[in-house]
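Structure, as structure tokens:
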Amino acid sequence: MASESVSVVFKIYCLTVMTLIAAAYTVALRYTRTVSSDLYFSTTAVCVTEIIKLLLSLGMLLRETGGLGRCRSAVVSHIFKSPVELLKLSVPSVVYAIQNNMAFVALSNLDAAVYQVTYQLKIPCTALCTVLMLSRSLSRLQWFSVFMLCGGVTLVQWTPPLSTKVQVEQNPFLGFVAIAVAVLCSGFAGVYFEKVLKSSDTSLWVRNIQMYLSGIVVTLIGVFMTDGAQVLEKGFFYGYTPWVCLVVFLASVGGMYTSVVVKYTDNIMKGFSAAAAIVLSTVASVVLFGLQITATFLTGALLVCVSIYLYGLPKQDTSRLQKPSADREDNGLQC
């Protein structure tokens, strides 16, 4: 999709909102899993998020089609009369459901700043899936940045900083395993969804609706398989507070807003946004959770931020550099 010409102010606005959403979501989720007294069921939060995303996508499709009748025709044609397409989109639905649940497990056992840094492993995961599934290539600089990012995450995880204000029992190893599963899911599902999008001219919002419908079914099954007895006893919305509602809202809007950012910005600006989200999450963790910053954490986080920037740099067009030299060789032969 070609990017439309927009002002620099609008691009900065988009990235500022995306940065704030990413940082606020991580910190708020961590807060609800470690500070709240009545712990809510994370599986229900993931399910509610899928429902809100579905409603938002329906609203965007209504706006895109320009009328209720056209919107209904698109839904009937692409949803109810296309079971094969629904089945195709159920693959990323299952994977994203696993990823979202793993985020809750990870932030129950790791600080928000550590999570934010480690979660950037999704970049090499996505890069690998892109090479394998879409047959794309990476430049030497991108491969270098991938290894730099992995080194930075290793430093952060080598001696994870402690949070003095968090009293709940935590398992950092379980948290890291959860992030590992989440980034694998993120890489695969993202590239798979991109491949499906580019295989036809079907609207992005129609594809989202297909995926979220499958996601609701998958997450509902997850609710009753994991927390079924307790949900029936205490209620679906047990433990929900304004903070939990904020987490659900940020998760819902964040996924939808990403498509706007992808459309109007480039990889370099998204890299700056990811680095800024890491900084904001770190500051918030120090203030709210008493995070004790270590030298290895700072070094690792810096390496991750630099690698994100390097990975987003545009590939150099070597064909134009090679052409003059080829012309000189031709001129030499003619002399």
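Backbone N, Cα and C atoms are what each Cβ position is placed from, and that goes for glycine too.
Per TrEMBL, transmembrane segment is recorded for 12-33 (among others). A Cβ distance under 8 Å defines the sequence-distant neighbours of the transmembrane segment (12-33), meaning residues of its chain 6+ beyond its ends; these are 39-40, 42, 103-104, 107-108, 111-112, 115-116, 168, 241, 243-244, 246-247, 250-251, 253-254, 257-258, 260-261, 264-265, 269-270, 272-274, 276-277, 280-281, 284-285, 288-289.
Annotated transmembrane segment per TrEMBL: 39-62 (among others), in sequence order. Long-range contacts of the transmembrane segment (39-62) within the same chain, counting only residues at least 6 positions beyond its ends with a Cβ under 8 Å from a Cβ of the stretch, are 32-33, 68, 71, 74-75, 97, 100-101, 104-105, 203, 205-206, 208-209, 212-213, 215-216, 219-220, 222-223, 226-227, 230-231, 236-241, 244, 247-249, 251-253, 255-256.
What TrEMBL records for 141-160 (among others) is transmembrane segment.
Annotated transmembrane segment per TrEMBL: 172-193 (among others), in sequence order. Sequence-distant neighbours of the transmembrane segment (172-193) (same chain, 6+ residues past either end, Cβ-Cβ under 8 Å): 89, 91-92, 95-96, 98-99, 102-103, 105-110, 114-115, 118-119, 121-122, 125-130, 133-134, 157, 160, 207, 211.
According to TrEMBL, the feature transmembrane segment maps to 205-225 (among others). Residues 41, 43-44, 46-47, 50-51, 53-54, 57-58, 60-61, 64, 74-75, 78-79, 82, 85-86, 88-90, 92-94, 96-97, 101, 193, 196-197, 231, 236 of the same chain lie 6+ residues outside the transmembrane segment (205-225) yet bring a C-beta within less than 8 angstroms of a C-beta in it.
Feature annotation from TrEMBL assigns transmembrane segment to 237-260 (among others).
Taken from TrEMBL, the feature transmembrane segment covers 272-291 (among others).
Residues or ranges marked as transmembrane segment in TrEMBL: 297-313 (among others). Within its own chain, the transmembrane segment (297-313) is flanked in space by residues 113-114, 117, 120, 123, 127, 141-142, 144-146, 148-149, 151-161, 266-268, 270-272, 274-275, 278, 282, which lie at least six positions past its ends and keep a Cβ under 8 Å from the stretch.
Residues 15, 18-20, 22-23, 26-27, 30-31, 34, 111-113, 115-117, 120, 161-166, 261, 301, 304-305, 308-309 of the same chain sit 6 or more residues outside the transmembrane segment (272-291) yet have a Cβ under 8 Å from a Cβ within it.
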